Amino acid sequence: MAAIGFAVGLGNIWRFPYMTGENGGAAFVIVYLVCAIGIGVPILIAEIMIGRRGGMSPPGAIANVATESGRTTSWSWVGRLNLATAFLIEVVYCVVAGWVLYYLYLAITTGFSGVDSADAGVAFNAMLGDPWLLSFWTVVGLTITGGIVYSGVNKGIENAVRVLMPMLFVLLVIIAIYNAFADGFAEAVSYLATPDFSKVSGAMVLDAIGQAFFSVGVAMAGMMTFGAYLPRDISIAKSAIIIILADTGVALVAGLVIFPLVFRFGLDPAGGAGLIFMTLPQAFAGMEGGIVIAILFFLLLSVAAITSMVGLIEPVVRFTEETLARSRHQATLVVVAAIFVLSTISNLAYNHW
């Protein structure tokens, strides 16, 4: 379940809809599904298998497996590259997680009452224009994530994910059902289910592969690290299939949550990274009981963001423990501090640079 929590995150609910919008809809969805199943599943199985067999952080696990196979331990550099990827992604990911936490705060304090399309756009751009605000919520997200990793992944995150991930999926389904009885749903279904293969290009295929990797969580060291915690009696293939199904299911339902609102309010499907932050507040403002739904949605989306952040930070922390002979507590503090310093660059890119 912790691996599902890592895979199911902002990549499904935040990134998948706007990447789909930027790449023409259904054709991108089909190519993405082919990539997720045809490329994502084999790599996912391989990463979990190496992690469980090697029993260490990715570089150590790969080195152990290479030694057992009579190969050079230089293969451990593949694991180091995965760690570097996870670290750099986390530098940007924690900033977007901060956006989600800020919108949770707005949901609690305002409920998005009376918000229209203009208000939603102004609020989002005002947030991006305030580096202190962005940094504050980035720190909040990193503090929560660091606290979980500091205590150890097995002390609570598995039980939390077991409850909260199904809740997130159920809430997405509820909003999708609500959309089914409102304007824009038919257009959204057509957009997601009627492919225009003239939009398929090399760049779009690369975007689909990138989305599959980002969403499933492969090549980021997280799945290999979770594999090290996987009990020997658990089927790796079955685990990989469950992760892919959960991940893809959430992404597709997220499309039925976001795009009906996009068409209902006359927004651009290719609206970019701010798409959910400019569409959902309008929907919540017009819903019966929208305040409660808004709070629950952004609360659970925050949980999804945090669990994915844990999956990105945990491999780096474990590697730091092993290579520098530091305690988990020391390693966590060092890694989180380094991520925050570099995240400042990402935050400033939205306003000063």
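Even glycines carry a Cβ here, placed using N, Cα and C.
Sequence annotations record features per position, and here TrEMBL assigns transmembrane segment to 25-46 (among others).
Positions annotated as transmembrane segment by TrEMBL: 81-105 (among others).
If you look up TrEMBL, you'll see 132-151 (among others) marked as transmembrane segment.
If you look up TrEMBL, you'll see 163-181 (among others) marked as transmembrane segment. Proximity of distant same-chain residues to the transmembrane segment (163-181), defined by a Cβ-Cβ separation under 8 Å and at least 6 residues beyond the stretch ends, is recorded for 1, 4-5, 8, 13, 188, 246, 249-250, 253-254, 256-257, 260-261, 283, 287, 293, 296-297, 300-301, 303-304, 307.
According to TrEMBL, the feature transmembrane segment maps to 208-230 (among others).
Panel annotation: around the transmembrane segment (242-263), residues 3-4, 7-8, 11-13, 16-17, 20-21, 29, 33, 36-37, 40-41, 44, 165, 168-169, 172-173, 175-176, 179-180, 182-185, 187-189, 191-192, 215-217, 269, 271, 275-276, 279-280, 282-283 of the same chain, lying at least six beyond its termini, place a Cβ under 8 Å from a Cβ of the stretch. Residues or ranges marked as transmembrane segment by TrEMBL: 242-263 (among others).
Outside the transmembrane segment (283-310), and at least 6 residues removed from its termini, the chain residues within Cβ reach (under 8 Å) are 2, 5-13, 90, 93-94, 96-97, 100-101, 103-104, 107-108, 111-116, 141-142, 144-145, 148-149, 153, 157, 160-161, 164-165, 167-168, 171, 174-175, 178-179, 217, 261, 264. Here TrEMBL flags 283-310 (among others) as transmembrane segment.
According to TrEMBL, the feature transmembrane segment maps to 331-350 (among others).
By number of Cβ pairs under 8 Å, the transmembrane segment (25-46) is matched best by 208-230 from the list 81-105, 132-151, 208-230, 331-350. Residues 10, 14, 57-59, 127, 133-134, 136-142, 145, 214, 219-222, 224, 273, 277, 281, 295, 298-299, 301-302, 305-306, 308-309, 312-313, 315-316, 319, 335, 338-340, 342-343, 345-347 of the same chain lie 6+ residues outside the transmembrane segment (81-105) yet bring a C-beta within less than 8 angstroms of a C-beta in it.
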